[in-house]
């Protein structure tokens, strides 16, 4: 036990003091130096949107107060390089150790692995912990060591692997490590500007960020809403779900605590013979499982933020129509349930999960817009924007997951409106122009008699749009697109069989060839002494693992070279792939980012300015897939040992 050690506790998306394994480990071993590093440059294409940054700011204020009450000050730093900032902190306090909790998205995996390697080379001990998941992504495989790509198989295996509940109580007291670095206040981080503050003020009326508020929200849900979850969860409008997702995203409540609390209720209800409660708990735990699954898939297949998991959409003829994209964003498609959802999203940063599925399905199936555009817009606008969960959600409705929606499935928004908003209350709330429409016609005003429209004050094409596309026409377009896709795929397969296609693709092109791709699980030593080490994904078959080179000049640039990520495109990319890789550009990214190796390149012909007041102007961006060489291709596990609970 290193009772006199000085440890940097690096906070990221684990903004809590309860059940925080990194903080608990540091507090046990000596003095601590808590630090939060805000590095907009490294956020790249996934720079958070306005409402997400508001939540982060409020959560940091809450964490800062909590740590101060325990005796340690949260050091907040705005930096150009996370590695440089950490090195400054280490030098300032004479720290010999850095601890943090794992993240699993591709950008974080690259950054964290490189930082761990560089600090290890300098003799700094680095320990990382599981503070975000029930099971680490590298712990759940089938009997042959393959990735379980279907959710049901993954969740069944995960539940079987569940260990005894372990929780880390908040430390009673923290001993601060002496030393000072150039730090800033939460205002100086620049998480919101003056123009955003008036809009953000409204968010505080409906939400209370912070880890202790997360605890209250969890208790409220379990005691008052969980029992009815099975019958209320699909009711749009109102608080029919737990509303815990933003707290979970920022790590203000641990997923272990949520799981164990719900599981305890389930055990009690099962003992009492309460089948409704048992089913509600089962369904909610399944929702937790989907969050776990999202990180599992994104860890094992780090290309999924740009390409579909399965190979099915490689030749899909996307319709990159900016006018349709704008109409969808503004809630002007002419389909009331879709429009209500999109206007609620813009106004509040929040929509019910069922509405998310409906608007996303309309986006892909009716408008044939690239799913990456929609995913990026969700990232820019959702209060609980979560890269891994959004990736899985959009791939689910695009037919890109083994047990997702079929690509051929086209759900009618009119029918869905009567299923999930039968009285039209949700639509009337968010579409005031339809407030006087009778429930009978609220979800298909275009069919209403002229007298009904006149009495309701609705002028189709004037104060409310006609449908952007007819359902039958949309179905024909979707079937035609699928036919073209399959023709192109057949032609490509024939060219491969004849040996005339010499294009070389990276491994992600072959993911669809097998339902259970093989993951190499070799082990190599690492420079850290931790037995709780973060692992990084391995390459799939057909690609060579390479160890990172260490040229002399790299040592000279150790503070600046935070990301040894290479964009590598082997072979040609078809026009279909060009469309597939297009993504809506973040307005906040344009303000914050300069061009870098991992930023989007915006075609000049379609680039526009982003006008917040009019919803207008995200441009599409042409993206080339980053090869998995950007992520260290070796599974970097230090030595056998228990994963931190």
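From the backbone N, Cα and C atoms, a Cβ is placed for every residue, glycine too.
Every protein chain shown contributes to the tally, and the Cβ of residue 284 (FAD binding site) ends up with 26 other Cβ atoms within 10 Å. TrEMBL lists 229, 241, 242, 243, 244, 245, 284, 384, 385, 386 with the feature FAD binding site.
Among the features that TrEMBL reports, domain 'Photolyase/cryptochrome alpha/beta' is placed at 5-134.
The region 'Disordered' annotation in TrEMBL covers 508-555.
Every protein chain shown contributes to the tally, and the Cβ of residue 318 (site 'Electron transfer via tryptophanyl radical') ends up with 24 other Cβ atoms within 10 Å. What TrEMBL lists as site 'Electron transfer via tryptophanyl radical' is 318 (among others).
Taken from TrEMBL, the feature site 'Electron transfer via tryptophanyl radical' covers 371 (among others). With a cut-off of 8 Å between CB atoms and residues at least 6 apart in sequence, the same chain places 308, 313, 360, 363, 364, 394, 395, 397, 398, 400 near residue 371 (site 'Electron transfer via tryptophanyl radical'), listed in sequence order.
Taken from TrEMBL, the feature site 'Electron transfer via tryptophanyl radical' applies to 394 (among others).
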Rounded to the nearest Å - Cα separation of residue 284 (FAD binding site) and residue 318 (site 'Electron transfer via tryptophanyl radical'): 35
Long-range Cβ environment of residue 244 (FAD binding site), under 8 Å and at least 6 residues apart: 214, 217, 218, 221, 253, 258
Rounded inter-Cα distance in Å - residue 385 (FAD binding site), residue 318 (site 'Electron transfer via tryptophanyl radical'): 24
Per-residue Cβ crowding (10 Å cut-off), top of recorded positions 229, 394: 394
Secondary structure content of the domain 'Photolyase/cryptochrome alpha/beta' (5-134), with strand meaning DSSP E or B: 65 helix, 30 strand, 35 coil
For residue 242 (FAD binding site), the number of other Cβ atoms found within 10 Å of its own Cβ: 22
